[in-house]
């Protein structure tokens, strides 16, 4: 079936900015201007994680959603104004459909971290870099891999909800569609499978997967047969058909750990989103799932390598960006 021209257009636009400014990044970018930036952000992330488990998934998801839409430039952090609906709405509220899942806790973590950095190093560190560091720390502090963060991004100077459509993976996408979105951003199929482990933490609304429970192939097969029957029954209890759009943990086994249990869940029919379980049911990606499920060191390396590549997408430099004083408003 032919794809709408707007869908392909969005992918081509993403490809055009995928590597802009990536060569300007450096692991020691702030050594002379804000040498303690990473320890400052780490302290804030620790405090936020102690306050609520939701800090983990919401901060990681914020980074992913930022990078996939016009690059890693902090544009998702901008709040809407009467004349402009921003990518992230007002901390998730009123955002375009693909960003409605962004939770307050992620925005608040970055806001607090940026304020702490500004108190020590005013006007030196971008919100985009604060978000990148915070996402890394949320991953590492919850049991995932620690990896050096390349720094030196500038903050984007625009943020519009109209830029979001077609640029983010969706739960109902086919594997071919998912691969196309990642490829447009310079990421291959192995990167896609590794980065999908971000769904080992966080929560999802029932509306993101309820069709798998009640409307998969009616009337003969209302429930997705790739779902483990016990897991399907559990989810139906959490998400009554026509009921409230409740939140459900992405990983019921180790919800506060960033680990390769995500892949073992897929092997057992326990992927929450259809796009998750697809990684196991499709022969093109199943061997990768099996490999990462079997080895924590292999998972750590694959994820770390892939998220560093993700962090290079659409980096702004020179006159294409600046350093915001406050992450949710333009200077």
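Cβ from N, Cα, C; glycine included.
Per TrEMBL, the feature active site, proton acceptor maps to 65. Around residue 65 (active site, proton acceptor), the same-chain residues six or more apart in sequence whose CB sits under 8 Å from its CB are 76, 87, 88, 98, 99, 102, 168, listed in sequence order.
Packing around residue 75 (Ca(2+) 1 binding site) is summarised by its Cβ count: 27 other Cβ atoms lie within 10 angstroms of its Cβ, all protein chains included. Look at TrEMBL and you will find 66, 69, 71, 73, 75, 93 tagged as Ca(2+) 1 binding site.
Cβ environment of residue 169 (substrate binding site): 68, 178, 181, 182, 275 lie under 8 Å away, each six or more residues apart in the same chain. Look at TrEMBL and you will find 169 tagged as substrate binding site.
A sphere of 10 angstroms centred on the C-beta of residue 199 (heme b binding site) encloses 21 other C-beta atoms. Taken from TrEMBL, the feature heme b binding site covers 199.
Annotated Ca(2+) 2 binding site per TrEMBL: 251, 254, 259, in sequence order. Around residue 251 (Ca(2+) 2 binding site), the same-chain residues six or more apart in sequence whose CB sits under 8 Å from its CB are 199, 200, 201, 257, 261, 262, 265, 272, listed in sequence order.
What TrEMBL lists as disulfide bond is 34-121 (among others). Taking the Cβ of residue 34 (disulfide bond) as reference, residues of its chain lying under 8 Å away and at least six apart in sequence are, in sequence order, 117, 120, 121, 124, 125.
Neighbour list (residue 72 (disulfide bond), Cβ cut-off 8 Å, at least 6 residues apart, same chain): 63, 66, 128, 131, 132, 153, 310, 311, 312, 313, 314, 315. Residues or ranges marked as disulfide bond by TrEMBL: 67-72 (among others).
Residues or ranges marked as disulfide bond in TrEMBL: 127-327 (among others). Counting only residues at least six positions away in the same chain, the Cβ atoms of 74, 77, 110, 114, 155, 323, 324, 327 sit under 8 Å from the Cβ of residue 127 (disulfide bond).
Within 10 Å of the C-beta of residue 239 (disulfide bond) there are 23 other C-beta atoms, taking all protein chains into account. Residues or ranges marked as disulfide bond in TrEMBL: 206-239 (among others).
Annotated domain 'Plant heme peroxidase family profile' per TrEMBL: 24-331, in sequence order.
According to TrEMBL, the signal peptide annotation covers 1-22.
As annotated by TrEMBL, site 'Transition state stabilizer' applies to 61.
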Exercise. Cα of residue 73 (Ca(2+) 1 binding site) to Cα of residue 259 (Ca(2+) 2 binding site): how many Å, rounded?
Worked result: 27
For this session: Find the shortest Cα-Cα separation between residue 206 (disulfide bond) and the binding-site residues 71, 75, 254, 259, and name the residue that gives it.
Result: 254
Problem set entry | pLDDT averaged over the residues of the domain 'Plant heme peroxidase family profile' (24-331) | 95
Exercise. In this structure, which of the recorded positions 67, 69, 206, 327 has the fewest other Cβ atoms within 10 Å of its Cβ?
Worked result: 206
